Amino acid sequence: MVDPVLASRLQFALTTIVHIIFPVMSMGLAPFLIYFTWKEIRTKQPVYEQLRRFWTRIFAVSFVVGTVTGLVLEFEFGTNFAAFSTTAGELFGGPLALEGMMAFMLEATFLGIFVFGRDRVSDRLYFLSSIAVGLGTWLSAVWILIANSWMQTPRGFEIVVENGNRIVKLTDPLAAYLNPRFPYMFIHMQNAAVESVALFMAGVAAYYVFRHHVWGYPIKHIDFWEKTLKIALAVLLITAPLQVIQGDEYARHVSETQPQKFAAMEAVWETDSYVPEYIVAFPTDVNDLLNPRTKDLFGIGIPGGASWLASGGNPQATIRGLESFSTKAPPVAIVFWAFRIMVALGFWFILLAVWGVYRWWRGELFEDDLLHKALMASSLLGFVAVEVGWIVTEVGRQPWVIQGVMRTSAGVSPSLTGAEATFTLLGFVAGYILLLSLYTYVVGRIIRAGPPPRDELTQSDAAHIQESEVTSGD
Amino acid sequence: MTNVESLATKPLFGLPLAELWFALLFFIFGMFLFLDGFDFGVGVLFATRNDDHEKEQLLAAVGPFWDGNEVWLVVFGGALFAAFPSVYANLFSRYYLLMFAILAALGLRGLAPEMYEEREDDRWRTLWGYSFVIGSTVTPFLLGLFVMNWLVGATGLITPVGVLGGVTVLVLTIVDGAAFLGLKTRGALRDEMRDYGIRAAVGYLGIAIITLGVIYVTEPGLRSSFRSITVVALVMLTATLTGIYTVALRRRRYYAAFAATATLVFGLVGLVATLLFPFVDRTAGLTVREAIISTLPLNIMSIMASVLLPIVLGYFVVLYSAFSGPVDTEETYG
């Protein structure tokens, strides 16, 4: 039997780790879909209709699975973190309610039109639906990140004791909702979503381009994949550098507002100046290999690097060590390595973007098989970067569920028993493995089937044929 | 600045906001139960179909709608969290396993049609067809169980009145689904759905009366509420509307039947709200006034909700007008 506190934490971690995949897919696809729809209506070129229809199918599946996992997430605050919900509800519940009313409703209703209604509504309403869907996904992120960023840098509240419970009372809504972390988090998340989807698109397109141009297999509608690859690379060239540059500022902001998290990211135990930026670090004692909080580390790094990054240019700057905090350090190794994986991937994506665009500019985009392989291998790495990034954010802020106000362990539902929590945790593991397998299977089938055939697209009475084609299981 | 200060100290326009939010919460739940209710009902009626083409038509009927309908449940959860956080916390942690069972069933219902359309072979379709039926049957049953537990303040998960509540809601979704299919299908399929609808309506009236009787006998704490005018009116309304529904279906007035269903659903939800009031969580002994959040966030949420919810209703008007009328016989769920 797992302790209810640990089980709740694991279950919540699992829920969020699985859930984030689907919003990233839909938030990242949204701008592409708006662009495809606009080009389809404006240029009447069949390739844009193919692009719109193909990627809308993936969007729709991601949305359905995301609704399933997101609904679980919404109620899990009540089921597993009742004490947190009681304490923070006044500040935390509002954004969740507003997310539902302002964003999710917009997305879900117009998605019905966007997926099923091409032949039922005017071009104008159809284009507006694509914008409504996209806006809905991004507004969802606004409210969810307002809620999350408030937990990282809580502002605009006071604590009152009511019926023996500590209750967070909202005193200044603007300060609370537009807390210092929010803009950093929002830009980082949204750009990451677009970047991840660009990488995914580029990887899938590279596979077909590689088979066609390098292996010489005839691929139907190869221009569809060539177009996808180019659009994805163009977007990657913008998003990849932006992510790293903005990420650097974000990390500096973390060092100012959550010094304990920053110390864990850099594995700094003793407060010191001229702190190196470790590239890697390992426990000096083999017995500590599995202890995430070991203090005796051997690292290889850039002298003064961490100080330089934290202060924005001064290698002599002092960084507060984990020893100087009264609370127990988060599992440092997890935060340290997750941060490094994320940063390394961030730079790798820039390299990929520059490499791809350079080949494109030279007119060699479809010949460079090494580039194709690199893109294929990186197709899911954007999602990996998002996952490790959120691990830095969420594991790094432990033991706090609300920074400096409430500990995660104090937030768990008092009535929850170990048996209940263990039972649902096991159910989650099984259910989410099944869910992810099904999702991968369906997306894999959509990709293998390729874009919808073009000869059906431009006919005026294409609706019926299209529909039966879609259902014929490709 | 005075406006901002009064926002923090006085309820908006001096309105009884706690009570209004209690009503709004049940309105949102009613919207969910009415709209997603017909999706559930269609899912239950799916079990009666053997013909592939008819199954496709049922899926096509709910295809563009169900996801938007389900979001009313998301909004319900959010609104409960925002307005009555302690109730949100108590309720969902108290009925912990029941809540996860609901979420699992709801997940199955959402996933199944998507999977069903993915492949054409019989075994696959049988599997996901069953999943769709199970998800669509279990979800409303458990929702009814949950709401009944909430109403009577049950401490256990499965109670006799809870089971009756579950069956009541399940049958109501069939009533709902049959009326909806009256608008969405044609010919022989529609006639068969109509017959199921009429039988379900009669069954609903019976089971609702039995459930109310059992509550009256087993829950002495609720007895005084039964004598209120509102409760009597709502019960009579339910009986009348079941009659109207049946007559409307017989005369093929499907819009009238659908409207009667809406009133039936809101009648039931209104009944639950009336019986629960002034409590919002009987087990925890929390009344509406005790559980409501403080004035400032309440005022803000009230402003936001009164601006946003009419807009949201507008989205639904756009969606339902874009897909009005019966599904084409060729049209399928893509």
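Sequential numbering from 1, following the chain as shown.
Glycine residues also receive a Cβ, built from the backbone N, Cα and C atoms like all the rest.
Taken from TrEMBL, the feature transmembrane segment covers B:20-48 (among others).
According to TrEMBL, the transmembrane segment annotation covers B:69-89 (among others).
Among the features that TrEMBL reports, transmembrane segment is placed at B:128-151 (among others).
Same-chain neighbours of the transmembrane segment (B:157-184): 33-34, 37-45, 57-58, 61, 95, 97-98, 136-137, 140-149, 151, 190, 193-194, 196-198, 200-201, 203-204, 207-208, 210-211, 214-215, 218-219, 245, 249, 252, 254-255, 257-258, 260-261, 264-265, 268, 325-327, counting only residues six or more beyond its ends whose CB sits under 8 Å from a CB of the stretch. What TrEMBL records for B:157-184 (among others) is transmembrane segment.
Positions annotated as transmembrane segment by TrEMBL: B:196-217 (among others).
Note on the transmembrane segment (B:229-248): residues 175, 179, 197-198, 201-202, 204-205, 208-209, 212, 254, 256-257, 260-261, 263-264, 267-268, 270-271, 274-275 of its chain, located 6 or more positions outside it, place their CB under 8 angstroms from a CB of the stretch. For B:229-248 (among others), the entry in TrEMBL reads transmembrane segment.
Listed as Cβ neighbours of the transmembrane segment (B:255-280) (distance under 8 Å, sequence separation of 6 or more from its ends, same chain) are residues 22-23, 26-27, 29-30, 33-34, 37-38, 84, 87, 147, 150-151, 153, 168-169, 172, 175-176, 179-180, 182-183, 197, 204, 208, 215, 222, 225-226, 228, 230-231, 234-235, 237-238, 241-242, 244-245, 248-249, 286-289, 291. Annotation source TrEMBL lists transmembrane segment at B:255-280 (among others).
The transmembrane segment annotation in TrEMBL covers B:300-323 (among others).
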Inset, instruction - Name the range, of those listed as B:20-48, B:196-217, B:300-323, that has the largest tally of Cβ pairs under 8 Å with the transmembrane segment (B:128-151). - result: B:20-48
Inset, instruction - Mind checking which residues of the chain, 6+ beyond the ends of the transmembrane segment (B:69-89), have their Cβ under 8 Å from one of its Cβ atoms? - result: 21, 24-25, 28-29, 31-32, 35-36, 39, 106, 110, 280-281, 284, 286, 288, 291-293, 297-298, 301, 305, 312
